[in-house]
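Copied over from TrEMBL, here are the features:
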DOMAIN    96-303  domain 'ABC-2 type transporter transmembrane'
TRANSMEM  113-134  transmembrane segment
TRANSMEM  146-167  transmembrane segment
TRANSMEM  188-217  transmembrane segment
TRANSMEM  223-244  transmembrane segment
TRANSMEM  251-273  transmembrane segment
TRANSMEM  372-393  transmembrane segment
Amino acid sequence: MPDNENPTEFALDLIRELEDTPAGARELVEFNKSWQKRTITYKPTIAYGEKQPLSLKEAIAASISRGKLVSGATDVSTGSASSVQKFANPWWIEMGVLTKRSFTNTKRQPELFIIRLGAVLVTGFILATIFWRLDNSPKGVQERLGFFAIAMSTMFYTCADALPIFLQERYIFMRETAYNAYRRSSYVISNAIVGFPPLVFLSFAFALTTFFAVGLAGGVSGFMFFVAIVLASFWAGSGFVTFLSGVVTHVMLGYPVVVSTLAYFLLFSGFFITRDRIPKYWLWFHYLSLVKYPYEAVMQNEFSDPNKCFVRGVQMFDNTPLGALPEVLKLKVLKAIGSSIGVNLNADTCITTGTDFIQQQAVTDLTKWDCLWITIAWGFLFRILFYICLLLGSKNKRR
């Protein structure tokens with residue numbers, strides 16, 4: 001036994017290591033037998049008032065009665081290792097304890113949530129003032145697309161603060177799970193439970209700051225869907241960052257991975273280049289992009305009304321060389337185009353509706369509800385991957 005080592009912990013470590021070997025604890029048993037044979041000739045007398053030393057079986061039974069051990073088999077000499085419970089508590093008790101501990105740790109550091117809320121509110125305020133009351137002109141449509149792209153990607157970037165949480169707890173987690181103090185699944189679920197309520201608060205804060213100030217469509221139902229997709233984005237983003245915290249081993253390694261990956265997600269989301277224009281050898285990344293689904297969801301939430309017009313009459317010349325012509329000449333050109341195709345075109349004729357614009361942006365493969373459920377599913381998938389990382393990367397044994 002090493003110097004200054006606790007005898008009890010040393011014995012537990014040794015027994016645990018032997019349990020993982022093919023021979024099990026047989027070597028320790030044989031050593032105990034040989035040690036007893038060597039010391040059998042020495043039998044100290046027991047003075048009056050001293051307690052009789054207990055046998056191994058009696059000591060284990062006494063420990064079980066005091067609640068220090070788990071009763072595995074009725075007969076210690078013939079009991080198998082498989083009869084002993086692997087975990088001391090059921091999973092719901094583990095989740096309760098871990099959830100309470102995680103909530104306590106979160107409550108002790110309120111500045112983390114305050115900083116995150118401040119970042120969301122400041123970002124929402126800036127977006128609301130820049131994209132204040134967008135109109136339904138062609139320029140207003142393009143500005144809406146810019147707002148959606150920045151807003152949805154912001155949800156994921158603000159989740160980067162979750163990266164250091166597990167990295168700071170990694171040593172504690174490895175130490176506590178080394179001897180099955182609790183299940184890894186209980187740890188993952190408890191962290192998800194504690195982390196979800198702040199996401200709800202942040203989603204409503206961002207939606208209230210931006211939705212009505214920008215002048216988005218849909219009314220109350222549109223606002224509630226906007227809150228839902230923002231919440232789903234927070235959920236998926238926090239799951240993605242949590243998964244990365246289980247892969248990387250240092251914060252300085254994790255942040256470049258998070259920032260660069262989210263930049264790639266935005267690049268392939270369909271904002272800079274539409275889906276039908278992405279090369280086929282990169283199309284797979286488009287469907288892996290976390291920003292794609294919330295971006296397309298809010299677009300359909302905004303432009304799904306076929307009765308809402310976004311380009312009328314001479315507005316079709318905006319952003320073209322003919323846009324610099326006087327209004328009178330634009331009307332003459334518009335009438336000439338109408339007469340050539342046999343359609344009466346005037347200044348009030350609707351050229352492009354919301355559904356037409358969605359088709360132009362190639363946002364036709366999924367509905368907004370499909371995008372919402374897929375975004376939520378991403379959050380669950382990343383937490384499952386995080387659990388797998390913990391399962392594969394924390395099979396340590398204390399030495």
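Note that Cβ sites are derived from N, Cα and C of the backbone, with glycine treated the same way.
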Looking only at the recorded stretches 113-134, 146-167, 188-217, 372-393, which one has the largest tally of CB-CB distances under 8 Å to the transmembrane segment (251-273)?
146-167
Positions whose Cβ lies under 8 angstroms from the transmembrane segment (113-134), at least six residues beyond its ends:
106, 140, 143-144, 146-147, 150-151, 154, 158, 161, 198, 201-202, 205-206, 209-210, 213-215
Same-chain Cβ contacts of the transmembrane segment (372-393) under 8 Å, 6 or more residues past its ends?
173, 177, 184-185, 187-188, 192, 225, 228-229, 232-233, 235-236, 238-240, 242-243, 245-247, 290, 293-294, 297, 366
